[in-house]
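The block underneath contains the structure these notes are about, expressed in structure tokens.
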Amino acid sequence: MSYLCLENLVKTFNKTEVVKKLNLEIKQGELVSFLGPSGCGKTTTLNMIAGFTEVDEGKIVVDGKPVHLLPPNKREMGMVFQNYALFPHMTVFDNVAYGLKLSKIGKSETQRRVLEALEMVRLSGYEKRYPKELSGGQQQRVSLARALVIKPKLLLLDEPLSNLDAKLRQEMREEIVEIQKNVGITTIFVTHDQEEALAISDRIAVMYEGRIEQADSPVSIYNHPKTDFVSRFIGEVNQIQGKVTEILGTHQSKLNFYGNEQIVAVNAMKNAEMDFFIRPENIQISLVETNDRNIGFKAKVERKMFLGAKTRYILKAQNKHLIADISNVVLNSNLIHEGSSVYAAWKPEHLLPSRNVR
Amino acid sequence: MKKRLPKIGFHFFCTIIYVFLLAPIVVVLMSSLTATDYIVFPPKGLTLRWYVELVNHPEFMQSFMLSVFVALGTSLISTAIGTLTSIAIVRHQFKGKTAIVQLVGSPLLIPSVVFGVALLQFYSWIGLAASPAALIIGHIILTIPFVMRLVVASLVGFDRSIEQAAMNLGAGKFRVFFQITLPIIKSGVIAGAIFSFITSFDDLTVALFIVSTDVVTLPVRIFTYMQYQYDPIITSVSSIMILLTIVLMIIIERVLGVGKVFASKNQ
């Protein structure tokens, strides 16, 4: 039984459909990320859930009750904004207490819950400070406490970490997940940072041009992308082409890549050209020819970039570029120079078939 | 040595500016203490006689009360209208918006004499006699541009997600306005109110066209009095006005801080 249900949501701004018949179901306690490039409709969708943007068509159902016609102040959702959106004229205590005061909760109860919420975000003792006296990370924590203290039905996070510096961002995201799991609140996390989404989500909804391309666990999204957009958007990919030389059975075909043949688990038609994606970390290189299960072909190292734990090689084979990321533990990068000839290889199971039929 | 010279120049420049700004006030304050029957600077003798003399001129007191009443009314109404108009203009797109902006700002461009003549003709056409209301209406038109300048400045860069956050926590539209929006743009609104008060209290040109024998504002009273007499009572009235302004400024400084009032953005 899903807790939040988005049914055929449509939003149009100035005759352009920003959200196109979007459907999604979220279970209670789940943390789902909306991930996509800017303009994909993720923030618009979030604003429709919060009630700041009117829904043109479709339904939003929370816990069995439709909410899409309610004004934002009746939806009981907690939102954390990108720029914190703290009330600058109120102290930290008053910021967090604001929602409780509106719901006419007694003074001692308010006091108790505010202090509890501040303790949860590790800001005890900051009650009397004003927002401008706090750092960005602290402000975002106040914002989180303010959203959670009213015990909302949903927690909505609108790119909450994008104004923080890299190190703090990582700390904060772990803290958010920890709090989210402890409270057990159903959460939507909007981000354009795929690493962030992969790290914290139970599921990721990858969005593109107003639609959800795929909603799946981080592992599935990364290893089994269902659309070309997801393949390209999540992680990095090389695009390669192969020609089908022989059909060996259902879901078993022999393909020719760069003059070498490899058996791949795909349905194909003989002599068809097929596109595949392969991630840079799944390409291996060596100075000698590899065994037969992995396709091996000659390539030239055009450029080499040392990236710390790994080295990135830009290879050229048959006039096409390939990017290979090799761990420096596996292969000493000093052995390979720009201009060297190497053998590149991949395992057939690492090929991600493209949906583009050619 | 290289750095010293510009610094001395800077201090010199500042001193000149201060002297230029403060000298007239000092002259008025000091000459109000003269013992002579005519205005003279530096004062001859030292007496508070011209302040006591005011008791024999109840018309100054009347005018003062009227001016305060008109200025308060103007300030209140024009701040309310100006603030709401500013919000509409900054936040919404609608037909005729540019026209409204230009129209509301036009009193800044029209010479106040022309505006006074126009008001006089308009009032006699609709049959509105000289009254505090007539003065207040004229002054509202005159002061709305000031209010709008200041309020618009504090609204630009206003992060609307702050209002969304309040809504999200359960606040309705009115609550959001009075508990969130207004407190945040407070400095602009208060500065606008003070500006309108001072502009109205200070206005001579427009008021000259509207006043009658029994409705006379303080600036008009001083102006007409000086046409016939030139005794130090003028300087004592002026001194009282100056002292009142100083008291007002001190109160504002204590309550808000002048820097805060005139800062365009909330920090």
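Placed from the backbone N, Cα and C atoms, the Cβ positions cover glycine too.
These come from TrEMBL:
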- B:64-252: domain 'ABC transmembrane type-1' (DOMAIN)
- B:12-40: transmembrane segment (TRANSMEM)
- B:60-87: transmembrane segment (TRANSMEM)
- B:99-123: transmembrane segment (TRANSMEM)
- B:135-156: transmembrane segment (TRANSMEM)
- B:176-198: transmembrane segment (TRANSMEM)
- B:204-226: transmembrane segment (TRANSMEM)
- B:233-252: transmembrane segment (TRANSMEM)
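Counting only same-chain residues 6+ beyond the ends of the transmembrane segment (B:99-123), those with a CB under 8 A from a CB of the stretch are 85, 89, 129, 134, 138, 141-142, 144-145, 148, 203, 205-210.
Among the listed stretches B:12-40, B:60-87, B:135-156, the one sharing the most Cβ pairs under 8 Å with the transmembrane segment (B:233-252) is B:12-40. A Cβ distance under 8 Å defines the sequence-distant neighbours of the transmembrane segment (B:60-87), meaning residues of its chain 6+ beyond its ends; these are 54, 100, 104, 132, 135-136, 139-140, 143-144, 146-148, 151-152, 155, 181, 185, 189, 192-194, 196-201, 215-221, 233, 237.
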